[in-house]
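Feature list (source: TrEMBL):
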BINDING   B:Cys38, B:Cys39, B:Cys103, B:Cys132  [4Fe-4S] cluster binding site
DOMAIN    B:38-144  domain 'NADH:ubiquinone oxidoreductase-like 20kDa subunit'
Amino acid sequence: MSVETPLIRTTITERFGEAIDDLGFAHGVHAFAAPPDMIVELCRFLKEHPALRFNFLSDICGVDHYPEMPRYETVYHLYSLPNKLRVRIKCRLADPPRVPSVTGIWRTANWHEREAWDMYGIRFEGHPDLRRIYMWEGFEGFPQRKDFPLRGYKDKLNPFGAEGTPPTQPDLATKNIP
Amino acid sequence: MGGVNNAIRDSVLFTTAESVINWSRKSALWPETFGIACCAIEMISAGCARYDLDRFGVVFRPSPRQSDVMIIAGTVTRKFAPVVRRLYDQMPEPRWVIAMGTCAISGGVYNTYAVVQGAETFVPVDVHVPGCPPRPEALMHGFLLLQEKIKKSRALAGTPLGRVAAS
Amino acid sequence: MEFLPVLFMVAGVVLVTGATLFVSSLLRPSNPYPEKNMPYECGMDPAGDAAGGRFRVQFFVLAILLVVFDVETMFLFPWAVVLKDIGLVGYVEMFVFIVLLLVGFAYAWLKGALEWEA
């Protein structure tokens with residue numbers, strides 16, 4: 001949790017103006033909404049601004065708001081180690097979801113984005129190595145989407161699964177893991 | 001033909017040999033330390049001082065090549081199932097499997113896309129120890145049941161001497 | 001004739017081990033199959049250089065050098081026992097032998113056979 005301070009809001013509005021919405025101070029963390037094409041610029045600004053210095057990327061989550069449109073969302077949680085500030089950046093994405101990758105800014109985003117790809121199918125452009133991280137090689141489908149059944153689809157090893165076939169993704173690139 | 005077979009196999013030589021071999025196998029059951037999830041903690045505490053497993057001859061071995069029994073302690077996910085199967089394959093015979101905890105018996109509370117619904121789908125299981133997690137005394141009871149099972153089994157089942165006796 | 005007890009001991013050892021192994025081969029189950037015979041690598045397929053058959057050749061070179069110099073050492077033992085009987089000539093002869101092997105050792109050293117990396 002960070003102390004409620006207008007510092008983050010004023011620095012962001014003075015640089016980006018109306019493009020970044022302020023979502024208020026929910027659950028002890030300031031939240032902002034950004035469009036996907038401005039994410040990289042906003043994150044680099046937040047990391048390098050001398051008064052903010054958000055040099056620690058805590059988490060990148062994917063969210064699926066199934067009946068609502070735009071359906072997907074990525075949420076970035078940033079923490080500033082020198083200044084002890086937290087901020088949350090939300091980014092609504094259309095279907096199919098594409099967003100530029102922030103691995104160039106924080107190296108840890110590599111695995112967080114792989115998790116969002118594996119679970120939701122959110123494609124991060126510019127990611128050096130986008131492949132599955134939790135599910136096994138050859139798994140089809142994105143499990144955390146709202147339309148994926150909890151029990152999985154019925155196959156040879158899963159007799160309690162739902163009927164039907166999982167949605168196949170032709171660009172499901174799983175490289176040979178040595 | 002069946003009557004003649006049993007007469008040889010049930011003779012005093014073979015039954016005595018089998019009872020000695022079975023006694024030696026059940027008194028020194030060496031498990032492979034294979035804790036996957038929370039049941040591993042109960043397995044560890046069963047092996048420690050208070051609920052001592054060492055008094056049954058149970059010494060945990062680090063490698064499947066040196067172990068008799070594999071205790072599958074924890075949730076087996078579908079990504080990990082081939083590894084468990086390979087470790088089972090690398091155990092020398094005679095080998096047994098204890099499925100510890102409800103996740104290893106039937107998938108437990110996790111009826112999901114990623115969890116194997118029971119270790120029995122890919123390895124043959126001898127003793128099921130239910131519980132979430134089972135208490136260390138329950139695991140000890142499982143070992144005692146396995147010892148009973150070994151006592152009643154045919155020790156020379158796959159051996160050349162057994163084939164001679166059965167032919 | 002004074003070595004007859006040694007023969008008996010060797011025969012006894014061979015007999016006992018042979019009998020033990022034979023009896024246990026009758027009493028043990030034998031069920032080899034490919035997955036059981038694979039090298040143990042924590043349940044995964046073997047990975048890395050050694051798994052593909054690419055061993056480091058330095059192991060082989062050191063083993064060959066060991067065999068040669070170990071045999072030389074083995075020759076030194078009976079020589080030391082009978083040194084008093086063969087006198088100065090025998091002493092010098094052994095040193096000729098050692099010098100011949102030293103030439104080979106110097107060659108191996110200077111050619112880099114004793115280097116571990118590459």
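Just so you know, the numbers here start at 1 and follow the chain as drawn.
Just so it is clear, glycine is given a Cβ too, placed from its N, Cα and C backbone atoms.
All features noted in TrEMBL, drawn onto the structure.
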{"residue": "B:Cys38", "record": "[4Fe-4S] cluster binding site", "Cβ within 10 Å": "15"}
{"residue": "B:Cys39", "record": "[4Fe-4S] cluster binding site", "Cβ within 10 Å": "27"}
{"residue": "B:Cys103", "record": "[4Fe-4S] cluster binding site", "Cβ within 10 Å": "28"}
{"residue": "B:Cys132", "record": "[4Fe-4S] cluster binding site", "Cβ within 10 Å": "12"}
Per-residue pLDDT averaged over the domain 'NADH:ubiquinone oxidoreductase-like 20kDa subunit' (B:38-144), given as an integer: 92
DSSP residue counts for the domain 'NADH:ubiquinone oxidoreductase-like 20kDa subunit' (B:38-144), split into helix, strand and coil: 41 helix, 16 strand, 50 coil
Cβ within 8 Å of the mean position of the Cβ atoms of B:Cys38, B:Cys39, B:Cys103, B:Cys132: remaining residues of the chain near [4Fe-4S] cluster: B:Ala37, B:Glu42, B:Ala73, B:Gly74, B:Thr75, B:Met100, B:Gly101, B:Thr102, B:Ala104, B:Gly108, B:Gly131, B:Pro133
